[in-house]
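Asks: Pasting a structure below so you can have a look.
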Amino acid sequence: MAVAPAGGQHAPALEALLGAGALRLLDSSQIVIISTAPDVGAPQLPAAPPTGPRDSDVLLFATPQAPRPAPSAPRPALGRPPVKRRLDLETDHQYLAGSSGPFRGRGRHPGKGVKSPGEKSRYETSLNLTTKRFLELLSRSADGVVDLNWAAEVLKVQKRRIYDITNVLEGIQLIAKKSKNHIQWLGSHTMVGIGKRLEGLTQDLQQLQESEQQLDHLMHICTTQLQLLSEDSDTQRLAYVTCQDLRSIADPAEQMVIVIKAPPETQLQAVDSSETFQISLKSKQGPIDVFLCPEESADGISPGKTSCQETSSGEDRTADSGPAGPPPSPPSTSPALDPSQSLLGLEQEAVLPRMGHLRVPMEEDQLSPLVAADSLLEHVKEDFSGLLPGEFISLSPPHEALDYHFGLEEGEGIRDLFDCDFGDLTPLDF
């Protein structure tokens, strides 16, 4: 008889039963013990002896087991890993207690994209937007020092979000910690808030461009109107200025009028000191002519300045039928000229009747356009020689004296170049 070693720890007990003669076995019989894993806490009970002998060659014995307690809860299936949950970093605690329904499959939850009205969007709570708002707070600080507690209250975010930003800025040496909750900006203040300043400058530049375009349009209109005025045949006959017209603007008793006829691109420089007033003229295009406008005489007046009352007074100014001679001078009792009256804005009807009585030849082919200003004064002197008792006094020396520019000493002025007596003239008061 042999005992199989499959019994393990029950083999000594079986040998004791066989030695006591409790079991009647033949010599060729085999005993096989089938048992499960041992339970430490369960008591071991001896097997009941058989009631009678059996003729089977193999005897089977079962190891008694203690009753197991019922499981408290079903265990989850081991074939699928546990579900990973996304953390809500905006709350004070990490996990929220709440019941969740059974998760079936990998389909999208129907209520996942629906947000409550008071819930912030993902962009509003992003670190990118929080960093921009934090830099705006730094730009408002005069010395660049910001309290982190105050910044968290203003931005309405958690302090750990502010700490994340300050740790990065401190790592790239843009800020430095002054104390536990105070930091100071180390970078350039011009870079903080540069986006808004750039936007404001762009708007200012656009407004300046619009203003420039408007001014260019107005200048173009004025240039066009002036060109049309100069090309009009009706206005060409009145395109001149006399000495009396200039005197009507300035007070002859207080001011001295000097007329300057210069070519284009003439440079004028005026030096105003406490005692003297100096004017410097320089031109590379041609000579510069300077004239002195004398005081207006009592019997001389410009035909364009004839008073309307004098025209409508009813006096007979019909000339003789003989050859045209020099017209008589206007009476000395003519009314004074109005300084506020425009020089060139005269009515044509008020001038032409006056010109008809003078019997002065006024052919249009003899008139020069406005642009030909060199010969305009000569035409005026020839046509109105009887009405101009005093002409412009030329202050320019003869053109053959080319060295007059270098013939003045430091104490000499423009009056030293001419043989005119300027003692009776009153200096200009500016």
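We number each residue from 1, going along the chain as drawn.
Cβ atoms here come from the backbone N, Cα and C positions, even for glycine.
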Asks: Checking feature assignment: motif 'DEF box' per Swiss-Prot, candidates 153-189, 227-263, 338-374. Which range matches?
Replies: 153-189
Asks: Region 'RB1 binding' per Swiss-Prot: which of the ranges 24-41, 402-419 is that?
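Replies: Going through 24-41, 402-419 one by one, Swiss-Prot flags 402-419 as region 'RB1 binding'.
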Asks: Ten-angstrom check, please: count other Cβ atoms within 10 Å of the Cβ of Lys180 (N6-methyllysine), all chains counted.
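Replies: Lys180 (N6-methyllysine): 7 neighbouring Cβ atoms within 10 Å.
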Asks: If you average per-residue pLDDT over the motif 'DEF box' (153-189), what number do you get?
Replies: 86
